[in-house]
Structures are given as structure tokens and as C-alpha cells.
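Student: Take a look at this one; I'll ask things after.
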Amino acid sequence: MSELNDARELKRRWQRLREEEPNLKAREAASKLGVTEAELAALGCGDTVTRLAGDWGEMLAELGALGRVMAMTRNEEAISERKGRYHPVEIFREQGRPLMGQVLDRGIDLRLFLAHWKSCFAFDDGKRRSLQFFAPDGTAIHKIFLTDESDHDAFAELVARWRSDDQSPAQRVEPRQPSPPERPDDEVDVEELRRAWMSMRDTHEFFRLTRDFGVTRRQALRLAGPELARETSPMSFRHLLHEASRRKLPIMIFVGNPGVIQIHTGPVENIRIVNHWVNVLDADFNLHVREDRIASCWIVRKPTTDGMVTSLELYNESGEQILLMFSKRKPGCEESAEWRELLATL
């Protein structure tokens with residue numbers, strides 16, 4: 001069967017599913033249909049969806065013209081939604097290709113890993129407009145939704161400028177790569193791992209530490225010892241949110257996937273628990289976390305030039321990171337003593 005016929009059959013199946021479950025989200029629909037979200041997005045090409053293509057770095061640099069929008073980044077267990085502007089945008093290139101980037105608005109704070117960005121679609125159904133970016137395996141990695149405060153004419157101009165010649169309803173995706181298995185603990189030089197940990201001067205060095213020792217992030221926490229990483233109850237996450245809200249303690253929440261890390265900095269106010277979801281429902285920041293999928297929760301201490309920095313880290317059953325929480329901290333300043341005291345009670 002040709003790709004075009006495959007796409008037509010998938011579209012018929014999706015239409016039937018939407019009739020049966022009209023409130024189903026695209027990610028859930030893709031899972032039920034055994035396809036990816038990018039493949040569902042492509043089905044709308046020629047109708048309410050436009051495939052975009054080009055240099056991601058140059059496209060991102062133009063997003064500031066959209067004005068105030070809502071940025072959404074998610075993984076399987078957590079969704080972060082933040083309102084703000086895509087300005088300023090910085091893109092870092094290697095041999096001319098966009099490799100990494102960052103958005104440093106007070107509202108939208110992102111770290112971008114552009115090697116994981118494969119496709120982009122603009123959605124416009126007459127009610128809501130958005131740009132949605134996908135990984136090579138078809139997983140959604142970042143979405144931008146226009147608001148009442150956005151410049152909708154600028155959106156139309158951007159879509160026209162970056163419109164791809166290919167508006168086929170078929171979308172090729174690569175097989176999802178499984179995570180490599182953990183290295184056996186007895187093959188890791190644990191004492192050297194701990195020494196390297198204690199010699200860190202910046203929290204960003206932790207990624208290099210795990211790479212150098214060939215361990216996963218959660219494995220490093222397990223091997224580091226309780227003075228550096230201590231496991232606590234998954235319920236600690238909701239407790240910490242409630243306490244941060246009650247004390248009006250400004251915090252940082254990092255939610256990411258291979259293509260993007262989205263950072264919230266500031267207070268949290270309205271915490272709501274609905275079924276399995278822990279939610280923050282504030283004016284400019286929404287967070288949704290599947291509490292029942294938190295397999296492990298850790299209090300982690302990392303040395304920096306400004307003293308120890310303490311975080312709460314959540315992981316799923318596969319050992320993949322769900323989110324990180326820190327206290328709000330300016331460079332050159334120690335973290336909040338109140339934050340440390342709060343974590344010590346968990």
C-alpha cells in the first residue's frame with residue numbers, strides 16, 4: 001500500500017475515533033491508533049494544517065513577532081505551559097547548522113536541542129492557531145499556541161514564509177530508539193564517581209559526570225550515597241508544591257524532553273489535585289503531572305561555586321526524568337535557606 005493510501009486509511013480511522021471520543025487529545029489518539037502525533041498532524045495538510053520547513057534557528061528568531069503566546073513542553077508524565085514572548089532568542093550553530101538555542105524571556109525560558117527537531121506544522125482551524133514541532137520519531141516536543149494578545153497577522157505571514165512545498169498528508173517517522181540498559185553497578189568506580197561529584201562547580205556539569213562514568217542519571221543518584229542523593233516519597237512533590245504556595249516561596253521547575261527544556265521561575269499559587277494529576281493553575285503558568293507515574297523521587301545536592309544547590313527530582317518507571325525543582329536563585333547567591341529547611345523535612 002502506498003504512503004498516500006496509508007494516510008487516507010489512517011484519516012478514516014481517526015475520524016471514526018473522534019466521533020466515538022470527541023474530547024480525545026492528539027497524543028492519546030495517536031497512541032490508540034498505533035501511530036505518532038506527527039503522522040496525525042500531517043493528515044490535516046491541505047485543510048487546517050500547513051507543513052513548514054527550513055532552518056529552525058532562523059524560524060525561531062522570527063517568533064518574537066507573534067507577541068504574547070503560550071509555550072507548551074511535555075514528556076509522558078509532565079506538561080509545562082508558560083505565557084510570554086519568544087524574545088530574545090539565541091541560536092548556536094556548528095558548521096552552519098543550528099545545534100542548540102535558548103529563549104530568555106521573563107515568561108518563556110527555554111533550552112533548545114535542535115538536532116532533535118525534525119518537522120513542524122502550523123494549525124489553524126478558525127478557532128485556535130498553533131505551531132507544533134516534532135522529533136524524528138514523530139513525538140511532539142514543543143508547541144506554541146496563540147492567545148488573544150498574539151499578533152495573528154504575523155502568524156499568517158510566518159506560515160506563508162516557511163510553508164513547505166510538500167503538503168502531503170503522509171509523514172515519515174523514524175523508529176523510536178530504546179534507552180540503553182543501565183551499566184551494572186559493580187562495573188562503576190563508585191568512589192571516583194563521588195569524588196567527581198564533589199568536585200563539580202556548576203549543576204550543568206552533572207550531565208558530563210553521568211556521561212564520563214557511563215551511568216544513567218538515576219543510577220548516579222542511587223550510587224552517590226545519602227549525603228548527596230536521598231530517595232523520598234513520590235508524595236513529596238505535591239507536599240513541596242503546597243508548601244511553596246503557602247510560603248510564597250519562588251521556585252524553579254524544569255520540564256523537558258530530548259528536544260526542549262522549559263523552565264518556570266517564580267511562585268506557584270493555585271495547586272489542584274484531580275484524580276491522578278497534580279496541577280498548578282496560575283494565570284501565566286500551568287503544570288500538570290501524573291502523580292501515579294512517579295516511580296522515584298530524590299532530594300539531590302550538588303556543589304557549585306555558590307555553595308550546595310538542592311533539588312527535588314522525579315523519575316518514571318523507566319528511569320527517565322519527569323521534572324526537576326529548585327529554589328529561585330540568582331548567580332553568585334546561595335540558595336534559599338528556607339528551601340533547604342523545607343527539603344530537610346521530606
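First residue shown is number 1, and so on along the chain.
Glycine residues also receive a Cβ, built from the backbone N, Cα and C atoms like all the rest.
Here TrEMBL flags 34-161, 214-346 as domain 'Haemin-degrading HemS/ChuX'. Positions annotated as region 'Disordered' by TrEMBL: 165-188.
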Student: Considering every residue in the domain 'Haemin-degrading HemS/ChuX' (34-161), what is the mean pLDDT value?
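Tutor: Summing pLDDT over the domain 'Haemin-degrading HemS/ChuX' (34-161) and dividing by its length gives 97.
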Student: Under the DSSP assignment, what numbers of helix, strand and coil residues are found in the domain 'Haemin-degrading HemS/ChuX' (214-346)?
Tutor: 31 helix, 57 strand, 45 coil
Student: What does the DSSP secondary structure composition of the domain 'Haemin-degrading HemS/ChuX' (34-161) look like, as residue counts for helix, strand and coil?
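Tutor: Secondary-structure breakdown of the domain 'Haemin-degrading HemS/ChuX' (34-161): 29 helix, 62 strand, 37 coil.
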Student: State the non-local partners of the region 'Disordered' (165-188) in its own chain: residues 6+ outside its ends, Cβ under 8 Å from one of its Cβ atoms.
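Tutor: Same-chain contacts beyond the flanks: 3-4, 6-8, 11, 36, 38-39, 41-46, 50-51, 53, 119, 136-139, 213-216, 219, 222-223, 318-320.
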Student: Provide the three-state DSSP residue tally for the region 'Disordered' (165-188): helix first, then strand, then coil.
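Tutor: Summed over the region 'Disordered' (165-188), the classes give 3 helix, 0 strand, 21 coil.
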